[in-house]
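So the structure is just underneath, and the comments pick up after that.
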Amino acid sequence: MLLSLNSITAYAAWQKDSQNRWSWIENETKATGWKNIDNSWYYFNMNGLMNTGWLKDNDEKWYYLASSGTMQIGWFKDNDNKWYHLSRSGAMDISWLKDEDNKWYYLSNSGVMLTGWLKDKNEKWYYLSNNGSMDIGWLEDKGNIYYLNSGGEMVTGKLTIDGDVYIFSENGQLLSKEISNSIESDETSSDEIRKGYVITESSPLNVREEPSASSNILGTVPKKNKVKVIGNEVNGFYKISYNDLTGWSSSEWIKLISDDDEIVNDDNEDLDEGLNVELGEERTAPPASDNKYYYSNNNIFYKVKLSPPFLKDDGSPIVGNCTWYAWGRIWELTGQAPVDAKFLGNGYEWWQSNLNTGKYKTGDKPRVGALAVWKPSLVGSGGFGHVAVIEKIENGKVYISESSWHGSLFKYRELYNTQDLYGYIYLDEPNY
């Protein structure tokens, strides 16, 4: 197509025939081909009739002519409700397009603007939002979490983001985050000796040769016994001393204490009637907005903006999220971020994630401090299941704290719909 202006003669005019078809007449001759009239482009076929709709020109490119006959440019939504983009020359764009808003879009070989996942000719994966623009940064899709780099490419393998190291599968799904389990606490010197006690409920704590879950076990420390903690945490382990035994134990199950703290060792304690778990008070109100277990980038769901105060894809505010809240509550209760169990994705997926990792013991009896996990069949869950934390058991009644994606920041209530439960994950009984 040649976009050059031809002057209109004094005798040029529009003409409509008996079938309501338009022609452009110059010097008693019908125009054919492309014609610029009053700074708008039109196309007339070999019979001099004005074209409308899609047009494939001799240059093998596609153009779109409105019902008025004018050639369209820019974004255009056809009668099929699909979006197209027409260049300044009017030719339909295909492949990658950087628009005037400096955002990238992808148009198929037929010109249709694509949305969702895209695998390009270079075997790279990208994600295009509902408005077609290429996403970058954190992305949640169908319960899985992904990261798209500054070029829009989906990340796999290990990547450091804002100082934290994340592990992604070959399919781009977030598997784990290497995270510090302390919350902005004062650093202690490497040789400082502090006091602690073992907070497991029914199992002794393993003492290992090295700060690794695969290291040899040197011995065990009974539950609720005092230990000496030597130096800082290393790889999720404290170096401890107990009687004549010295080695490394998981920091998840050691609570640091002061000289004034009282240690109670009651082997006859009834777990089912305890008022609250060892770490933290019973939560009956929502966490404050400055509570870093919930409202900080160390909470993976906050990090990827799947929690208050962020927005959903449709622009509405996120009022609550059961997985965000439970992730923070587990950390708040146990003192350990729930990284090893790979609690990611939708609520119902947490049950299988725990079984796959073997992190915690499970059962069908509720306990204070346990995590309740519902199946996708739970009414009102949208097929995503649900998770909540048991806060209290009293007079045969079980009370939980929870949050909800469908409009509830926090609720303290009786346990419900137990017929849809997978069961309970016992956070006080880790297998490693």
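Just so you know, glycine gets a Cβ as well, placed from its N, Cα and C.
Marked as repeat 'Cell wall-binding' by TrEMBL: 31-50 (among others).
The annotation repeat 'Cell wall-binding' is assigned in TrEMBL to 51-71 (among others). For the repeat 'Cell wall-binding' (51-71), residue counts in helix, strand and coil come to 0 helix, 9 strand, 12 coil, using DSSP.
Long-range contacts of the repeat 'Cell wall-binding' (72-92) within the same chain, counting only residues at least 6 positions beyond its ends with a Cβ under 8 Å from a Cβ of the stretch, are 1, 3, 41, 59, 61-66, 99, 105, 107, 111-113, 132. Residues or ranges marked as repeat 'Cell wall-binding' by TrEMBL: 72-92 (among others).
When Cβ-Cβ distances below 8 Å are used as the criterion, the repeat 'Cell wall-binding' (93-113) is approached by residues 62, 75, 82-87, 120, 126, 128, 132-134, 152 of the same chain, each at least six residues removed from its ends. If you look up TrEMBL, you'll see 93-113 (among others) marked as repeat 'Cell wall-binding'.
Positions annotated as repeat 'Cell wall-binding' by TrEMBL: 114-134 (among others). Away from its own ends, the repeat 'Cell wall-binding' (114-134) comes close to residues 83, 101, 103-108, 141, 146, 148, 152-154, 172, 313 of its chain (Cβ-Cβ under 8 Å, at least six residues beyond either end).
Among the features that TrEMBL reports, domain 'SH3b' is placed at 194-258.
According to TrEMBL, the domain 'Peptidase C51' annotation covers 297-426. Per-residue pLDDT, averaged along the domain 'Peptidase C51' (297-426), amounts to 91 for this model.
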